[in-house]
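S.K.: First, the structure itself, so that you have it in front of you.
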Amino acid sequence: MLSISPVPSFSITSVKYLRSPSSSSFISVFPKLSRFVTATSATPNSTPETTTTRVNNAGLKLDETVSVSKGKIRLDSWISSRVDGVSRARVQSSIRQGLVSVNGHVIDKVSHNVKAGDEVHCTISKLQPLRAEPEDIPLPCVATYSNQEDDDDSDEEETFSDDEGMIRPGIVHRLDKGTSGLLVVAKDEHSHAHLAEQFKLHTIERVYISLTTGVPSPSQGRIDVPIGRDSNNRIRMAAIPGSLSRGRARHAASRYKVVETLAGGGSALVEWRLETGRTHQIRAHAKYMGVPLLGDEVYGGTKSMALSLLQRRVSRSDQEEIIELVSRMDRPCLHAIVLGFEHPCTGEIIKFSCPPPPDLAEIVGLLRRSGRDKVE
């Protein structure tokens, strides 16, 4: 078990609260396991049932005159800022359904701009039923907060609805395919809107650990390099220095720290703290530093590179095992180990931690046997 987080850790099968829930918020925190990389919801038996229904704001009306200091603002953005507890996607659905008018004219384009003095009338739409069939995916739950006092313990941002207003049950953010770790899911729209705003403002605490091919130099630092689509490979992102002014990429900042140097410098256990949440941010920044994540075939941490660095550095007795482990790797060695945020109802700062799954823990253990230097 890796122990690099300042908060208590717990096993996948023996989960507990890191802080005692004391309110009626509706949120759950799940560890996303590497072999369940498409999972976004818990199995029917993985979370406590609740019979309480919270107000969903359907039919809520807004009649207000736009007041902006200068220029114009998108209609959906302005309405979202005026209606508490309603997601922006829900507002967009209301616009598309013809439930919004500006200066007496019905508007059905979410990109419509409004200016100071415009009269806006809006009725919040009903939530539409989920189109997709639920899947039975074994996804353990770290903690569930609800308004039932007898609830048991159980361990780039998305929207509450899709473009047509269909509910996605509480999805607030995503992990890259292949990344294991913690994922928070909202159980009502108020909690979702509050959590989504925290992600938007980058106030969520997110800590990841990874294994890199080679060792970052210096051993700790901050990478402030914009990330955009790789012009040579459209499925890959790239760190592109100086590209912000040319509109090719978006601001991205990551802080990293080498926790341990492993296998005589063939790899390193690295802690990452994100200031922004761009697609593939850690993977792109690691590649930019010349130390792609172990097992990341898309960003250069290929199996052949891993073997060339590690095979000659591990002991002779471990060489067959390292070949087997590397050959079995089917994802980047990246794990979301800590997730902290403000409780949507109480304002309390809560923090969760989840140890790495067996595939990552196994290779870390082997590399430690071949040489381990902790970095102060």
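The backbone N, Cα and C atoms fix where each Cβ goes, and this holds for glycine too.
Annotations per TrEMBL:
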DOMAIN    73-138  domain 'RNA-binding S4'
REGION    144-164  region 'Disordered'
COMPBIAS  148-164  compositional bias 'Acidic residues'
S.K.: Summarise the model confidence on the domain 'RNA-binding S4' (73-138) as a single mean pLDDT, whole number.
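M.R.: Taking every residue in the domain 'RNA-binding S4' (73-138) and averaging pLDDT yields 83.
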S.K.: Counting by DSSP, what is the helix, strand and coil composition of the domain 'RNA-binding S4' (73-138)?
M.R.: 17 helix, 16 strand, 33 coil
